[in-house]
Amino acid sequence: MNPQIRNPMERMYRDTFYDNFENEPILYGRSYTWLCYEVKIKRGRSNLLWDTGVFRGQVYFKPQYHAEMCFLSWFCGNQLPAYKCFQITWFVSWTPCPDCVAKLAEFLSEHPNVTLTISAARLYYYWERDYRRALCRLSQAGARVTIMDYEEFAYCWENFVYNEGQQFMPWYKFDENYAFLHRTLKEILRYLMDPDTFTFNFNNDPLVLRRRQTYLCYEVERLDNGTWVLMDQHMGFLCNEAKNLLCGFYGRHAELRFLDLVPSLQLDPAQIYRVTWFISWSPCFSWGCAGEVRAFLQENTHVRLRIFAARIYDYDPLYKEALQMLRDAGAQVSIMTYDEFEYCWDTFVYRQGCPFQPWDGLEEHSQALSGRLRAILQNQGN
């Protein structure tokens, strides 16, 4: 193997950067993928820069020659301690191919002490189903995937290019290309959930086992002249964030992750919004989810909340109290019926045209759970 491919470079030349990082959505004649990286070590609330560099990968060769795999080989070869938490940022000329995504998902699963952010100049074969699904899988594995904006191009120019003191100059249609790629990526990642993930975790049989993860599909609507208007850019999918005790992180439930997301939605206090959650488990009490949601609704009176739950936590009086707390805060809490399951399948699942197939007992379980929830909210539950 060419050692230049396996070992990182410090920087690239100006022409190389302009030629390979141009954000034209469809670009031919580029036989290399370029990857600029930063690795930081998390220390409390700050991050210490550990290393930076550039990898060049060959596009049309076997996956082990791709830039992403060169980085993983180099990173793992350093035998870094598992008790330290690392924050990796990539600036890449193309998003990873499906083979590289599979390896990246495996790497992230085996290294809970690592977070990965990938900012790409272009989307690789974004019109092909397998490549779109690979991006969904990458995001579902925990990687943050974005499109490079002007600030990130300028940052790469300053830190990874022999720029000879010159400033970064964007090319023709730079903003137009970015807008298209950003919109396309958001559309791809909207359909984040794998079909098997949905059917496994949203099964509403109260006796199902091994469903400890909470999945939350959300959408936001704005009230316009008495009509709720869906905001397509504010739809998505979240799940619990895994704990990492080595880094002192105890995890975060999907409901709290949504509340963390709200500031980025930039909801105008002068407007009225309705947030809808389709959630595999009703919000819990022990992690403070119900209390945090109540506080959010009290502080944001311009936001309405509807919660459709596949199953409810009601085995403990405190969990029943959590449901009552949400009701008292103004949230509308209901059990998912066939209509909600089908809507989630059509809206939030990468279903490839397949219609929703209900599982045995769906309607019976929904009716029974609705009765239990109604008793709790009417203070009739034990």
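Just so it is clear, glycine is given a Cβ too, placed from its N, Cα and C backbone atoms.
Taken from Swiss-Prot, the feature domain 'CMP/dCMP-type deaminase 1' covers 29-138, and the record attributes it to sequence analysis.
The secondary structure of Cys97 (Zn(2+) binding site), as reduced to three states from DSSP, is coil rather than helix or strand. Under 8 Å, Cβ to Cβ, and six or more positions away along its own chain, Cys97 (Zn(2+) binding site) finds Pro63, His66, Tyr124, Tyr131, Ala134. Annotation comment: Swiss-Prot describes His66, Cys97, Cys100, His253, Cys284, Cys289 as Zn(2+) binding site.
Helix, strand and coil content of the domain 'CMP/dCMP-type deaminase 2' (210-326), in residues and according to DSSP, is 36 helix, 45 strand, 36 coil. Per Swiss-Prot, domain 'CMP/dCMP-type deaminase 2' is recorded for 210-326, and the stated evidence type is sequence analysis.
The active site, proton donor annotation in Swiss-Prot covers Glu255. Around the Cβ of Glu255 (active site, proton donor), the same chain contributes Thr214, Leu216, Trp277, Ile279, Pro283, Cys289, Glu292, Val293, each under 8 angstroms and 6 or more positions distant in sequence.
For the domain 'CMP/dCMP-type deaminase 1' (29-138), the number of residues in each DSSP class (helix H, G, I; strand E, B; coil) is 37 helix, 39 strand, 34 coil.
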